[in-house]
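Here's the structure, in structure tokens; my notes come after.
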């Protein structure tokens with residue numbers, strides 16, 4: 001082995017084919033075995049396995065007994081799954097908009113050369129360090145209708161004030177939304193703030209010279225310039241929303257009734273609680289489909305044009 | 001070159017975040033309180049209340065006795081400070097299966113955490129090193145699959161992993177859970193190390209090769225000593241991520257006695273038996289959040305840098 005053969009970036013391009021090719025750069029290949037195993041066997045293999053078995057009648061144990069699309073037909077005929085999807089759509093829509101709007105507003109405010117920026121930033125970001133379980137349990141307590149926010153406002157004199165998302169099936173998802181936004185907006189704020197700081201100061205000067213107001217400058221000039229940052233944020237939020245699980249388990253356990261069930265929880269319940277593996281496989285395959293629907297247009301937009309470098 | 005999308009984004013975000021978030025640029029803030037300033041500070045203050053409130057409520061509730069919790073306002077500071085709820089949460093609270101408090105979950109989490117963090121940082125750093133300096137045919141393909149895997153909902157891989165672990169005789173054991181954490185922490189940490197190592201000048205690497213150093217010698221003698229900050233960032237990502245995990249703990253640990261702290265916390269608070277002791281629940285919740293909070297407040301900028309990369313983990 002000579003130096004030239006193993007220079008970075010050249011490992012793949014040897015001009016002369018030699019029998020020892022497989023063994024060249026051996027240490028690196030051995031060192032990468034855990035990664036190769038994780039990528040190929042766990043991630044790729046595991047995903048394909050589940051998709052394959054979603055077409056079988058697996059119950060308590062997985063078995064290769066083909067039933068075609070029966071699991072999917074049953075899935076879409078189950079009310080709990082339909083409710084889960086509706087909840088996820090509702091939560092996803094408001095969470096996406098709320099996170100982007102609040103994240104951007106906070107970042108823009110922090111970017112106004114204010115005092116105490118570090119303090120505000122620490123306060124906005126600390127919830128992100130906490131787990132969804134902690135988040136869910138705190139908000140469960142704050143939204144407790146008997147002792148929490150509702151009773152405090154009533155004691156202040158507004159005796160008809162009613163906000164009991166944890167007891168009221170029609171607004172329970174908003175209770176989860178408040179907690180979800182609390183936990184996740186800090187991260188998006190950080191990404192947005194970095195984006196804002198990356199914008200040339202001269203743009204602001206030019207806008208001022210032209211007499212354009214601050215808000216108008218943000219809407220017309222800054223936000224369009226930050227398109228890549230918004231796209232990144234969007235993908236991060238969307239991929240996180242599909243995984244929504246721990247928060248629901250901690251805050252509402254899916255209740256009242258089934259009014260705050262979500263797909264990830266449906267998968268867990270059928271797979272490990274209901275001994276109904278086929279349903280769990282079909283439901284998790286649908287989750288994968290959702291992520292693919294989110295990611296494909298984005299990947300196409302970002303890399304479609306300039307692919308093949 | 002063939003950076004998958006996901007990560008181009010993070011890669012782009014990583015650099016500005018840690019240089020740009022260091023502080024405001026330009027002139028010092030003006031002293032005068034203009035109308036615009038009042039709006040800016042006012043809005044920030046209102047938002048700060050929303051974010052700070054839950055931590056405050058957790059603290060005050062956990063310091064009150066149960067009669068006071070029932071009588072009073074959740075936002076009111078305790079009239080009589082008591083640490084009884086903390087003691088009870090730590091050593092007596094019941095999960096429905098056992099009644100020795102959260103301490104059991106805490107130590108379970110610690111025993112899960114230590115090997116998981118060490119192993120995943122070690123493996124990810126070597127992966128990142130191989131991917132940036134010892135590329136071979138196919139190495140980028142494996143990396144791409146790994147990164148796409150970070151976006152796939154975990155639920156779809158849960159059962160196949162059960163089978164793998166069962167075949168290896170590790171299902172339900174601590175070792176199994178550690179391996180799962182190592183696997184799922186791999187994408188983000190490998191990315192982190194790969195991007196960092198790619199920025200190390202190639203001349204350094206070449207010089208070491210000329211001197212006859214091999215794969216491991218270069219890694220341990222040259223790369224590692226000059227990359228301490230990135231190891232700390234990876235450490236922060238892994239410690240908070242693994243400590244906060246619920247899904248893997250509940251799936252791959254079969255004995256309730258071995259559940260990590262988050263799972264135990266959820267079982268204590270959402271247990272349907274007995275009278276609800278909100279003060280004990282809040283003390284328990286705060287106790288579980290204490291480790292990541294301590295890391296957050298102690299690490300400051302490094303945490304921000306970590307989440308900029310860790311964002312992918314979702």
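The backbone N, Cα and C atoms fix where each Cβ goes, glycine too.
Worth saying up front: this structure is predicted, and the values here are computed from it rather than measured.
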Annotated transmembrane segment segment (source TrEMBL; candidates B:168-192, B:243-267): B:168-192
Feature transmembrane segment in TrEMBL, mapped to one of the ranges B:90-109, B:110-129: B:110-129
Per TrEMBL, the range holding transmembrane segment, considering B:9-30, B:141-162: B:141-162
Chain residues outside the transmembrane segment (B:110-129) and at least six past its termini with a C-beta under 8 angstroms from it: 174, 177-178, 181-182, 185-186, 189-197, 219, 223-224, 227, 231, 234-235, 238-239, 242-243, 249, 260
Positions on the same chain near the transmembrane segment (B:280-298), where near means CB under 8 A and six or more residues out: 57-59, 61-62, 85-86, 88-90, 93, 102, 105-106, 109, 236, 239-240, 243-244, 261-262, 265, 268-269
Beyond the flanks of the transmembrane segment (B:38-59) by 6 or more, those residues with Cβ under 8 Å of it: 74-75, 282, 285-286, 289
